[in-house]
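Chemist: Quick one: this structure, given as structure tokens, is what I'll be asking you about.
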């Protein structure tokens, strides 16, 4: 007898009996019985972004700032602002940025040099793998970020650079399973460790939040 398993994301699995089980057929005991299992994934409905943003705007404000709408082989996040980060994220896979509403600033380290990339409303940008980046988001802005599922054994890293001399101050690494939680834990550990925040090159104490503009 064959059985078919229907699985939908977010819906309990349903088991459907195969009609062939009702057929009268003889089975030769010398032949191994084989049970086939089929997994059918129902396609999700399209997401209306303007409606979703209107109904879930609280998800895009501090301290949450982002919401994961799809999480499979590709993770899709809707991200709001403002945010306050001084760390640079390093991902072994590429990341895709699109600004749905307002502009953002993507601070990067490109071939050893600090480089600011402005992504304006309606623009997209593909960040190559292993590029240190610090996404700076402003109030009343909305962006979409796509990230690939991390391969087994890959490591995400958070790196802090000295605001005075530009040298690397500290780096934390982890295999990404829950990016939001893991980033928060790494940042909190860095905040609490004065020695880790002290630049070995010039002795300056690394800030854990951007300095307010004068």
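Placed from the backbone N, Cα and C atoms, the Cβ positions cover glycine too.
Okay, these came from TrEMBL:
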| type | residues | note |
| --- | --- | --- |
| BINDING | 85 | O2 binding site |
| BINDING | 89, 95, 133 | Fe cation binding site |
| BINDING | 95, 137, 147 | substrate binding site |
| BINDING | 162, 165, 199, 202 | divalent metal cation binding site |
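On this model, are these features tucked inside or out on the surface, and what's nearby?
Modeler: Cβ neighbours of residue 85 (O2 binding site) (same chain, under 8 Å, six or more residues apart in sequence): 134, 135, 136, 187, 209, 210. According to DSSP, residue 85 (O2 binding site) is assigned to coil rather than to any helix or strand.
Every protein chain considered, the tally of other Cβ atoms within 10 Å of the Cβ of residue 133 (Fe cation binding site) stands at 21.
Following the DSSP three-state reduction, the secondary structure of residue 137 (substrate binding site) is strand.
DSSP gives residue 165 (divalent metal cation binding site) a coil state; it is part of no helix or strand. Packing around residue 165 (divalent metal cation binding site) is summarised by its Cβ count: 12 other Cβ atoms lie within 10 angstroms of its Cβ, all protein chains included.
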Chemist: Going by DSSP, is residue 202 (divalent metal cation binding site) part of a helix, a strand, or coil?
Modeler: coil
Chemist: Can you tell me how many other Cβ atoms are located within 10 Å of the Cβ belonging to residue 199 (divalent metal cation binding site)?
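Modeler: For residue 199 (divalent metal cation binding site), the count of other Cβ atoms within 10 Å is 20.
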Chemist: Of all the binding-site residues given, 89, 137, which has the fewest Cβ neighbours within 10 Å once its own Cβ is left out?
Modeler: 89
Chemist: From the binding-site residues 137, 147, 162, 165, 199, pick the residue whose C-alpha lies nearest to the C-alpha of residue 89 (Fe cation binding site).
Modeler: 147
Chemist: Neighbour count, 10 Å Cβ-Cβ cut-off, for residue 202 (divalent metal cation binding site): what number do you get?
Modeler: 12
Chemist: Would you list, in sequence order, the residues of this chain other than 162, 165, 199, 202 that have their CB within 8 A of the centroid of the site's CB atoms, where the site is the one recorded for divalent metal cation?
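Modeler: After dropping the recorded site residues, what remains is 163, 164, 166, 167, 169, 200, 201, 203, 204.
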